[in-house]
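As structure tokens, the structure follows; a few thoughts come after it.
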Amino acid sequence: MGCFNSKEAGAGRPKTTTQQQQQATPEPTVTTAEVRADEKISMDQDISQGNVEDFYVVGKELGRGAFSVVREGTRKTTSDKVALKYIEKKFVKKKHIEQLRREIDIMKKVKHENVLSLKEIFESDSHLTLVMELVTGGELFYKIVERGSFTEKGARNVVRQVCAGVEYLHSQGIAHRDLKPENLLCNGEGEDMTIKIADFGLSKIFGTGEALETSCGTPDYVAPEVLTGGSYDNAVDMWSIGVITYILLCGFPPFYASSQNLLFEKILTADYDFPEPEWTHVSEHAKAFIRNLIVKDPDQRHTAKQCLDDLWLSGSDQSIGSAADLHSHFAEKMKKYNDQRRGGQSSNN
């Protein structure tokens, strides 16, 4: 996370992004400098007084990460359900404190129906606990795997909500910088499920006209201007939305290669197509929507507002393709790659 290397990525087609992503995204460098027991990660004015257990009944474990565990919680006074993310401070390296603080600052700032909300924070000598909105439907990635297909109508519903959330984030001066199905959480089932944008670990608050320069994100979804090492802006999020839309509609990514270097070459030239028969039943409106996002020049990319006004998202059902099973024959391959990433991850992790 935060940089790219030259490890080999998976070969072949069609393929989910998971195998490439796991091989291409290095783990953060571990240092010996840890957070002291008396060192605060969050700002004092942000911390709720008392212990989290004084206010919440702690329930079952929902998932586990590298240095965190997520449990279901119930507010004692209201019976409201929440997700309690316990971060064990001794595993948080000093070099990552600012990143964690930035993530908390952003989550405190945002309030939108398509963005995961942070309710309050508790901090003890051993743990930082984030009280978050509970999302029970899991990652969008798993929906793709489990269902094996999205109708164009279902894909459109997902993309519309992602664009609405991103438009809000951009209006608040926030670039997410790591949009992917794993960071899109689902509430409910079927074509009317609600989408929540999550994981702001790589997000950045920027001023009007300010350019960003840090190379970060997940290789399969990263925009060309990030790979070149130059400056970029929030248009990188729109490229990622284009890639996500492409995957939803056919079951495999627009860019695939036998190595990460070859993958980057394809991304840098925006070298992709809409192969048959996978795209036979997908409407031209959907393809045009993608072409306006997966475009090399960021200045030519549609903004989130333009996407919401696009005929594919704003039009009637007549503007979309048939409700045919778009990619059920890719389900088996996706399940295989998904097995590699099952490690107790949580929908709120």
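Positions of Cβ are set from backbone N, Cα and C atoms, glycine also.
As annotated by Swiss-Prot, region 'Disordered' applies to 1-33.
According to Swiss-Prot, the compositional bias 'Low complexity' annotation covers 16-33.
The annotation domain 'Protein kinase' is assigned in Swiss-Prot to 56-313.
Taken from Swiss-Prot, the feature ATP binding site applies to L62, G63, R64, G65, A66, F67, S68, V69, V70, K85, supported by sequence analysis. For L62 (ATP binding site), the number of other Cβ atoms no farther than 10 Å from its own Cβ, over all displayed protein chains, is 23.
What Swiss-Prot lists as active site, proton acceptor is D178, and the listing cites sequence analysis.
Neighbour density around each Cβ, counted as other Cβ atoms within 10 Å, peaks among the binding-site residues A66, V70 at V70. Across the domain 'Protein kinase' (56-313), mean pLDDT in this model comes to 91.
Looking at R64, S68, the binding-site residues in this record, the fewest other C-beta atoms within 10 angstroms of the C-beta turn up around R64. In this structure, the C-alpha atom of R64 (ATP binding site) lies 20 angstrom from that of D178 (active site, proton acceptor). Secondary structure at D178 (active site, proton acceptor), taken from DSSP and collapsed to helix, strand or coil, is coil.
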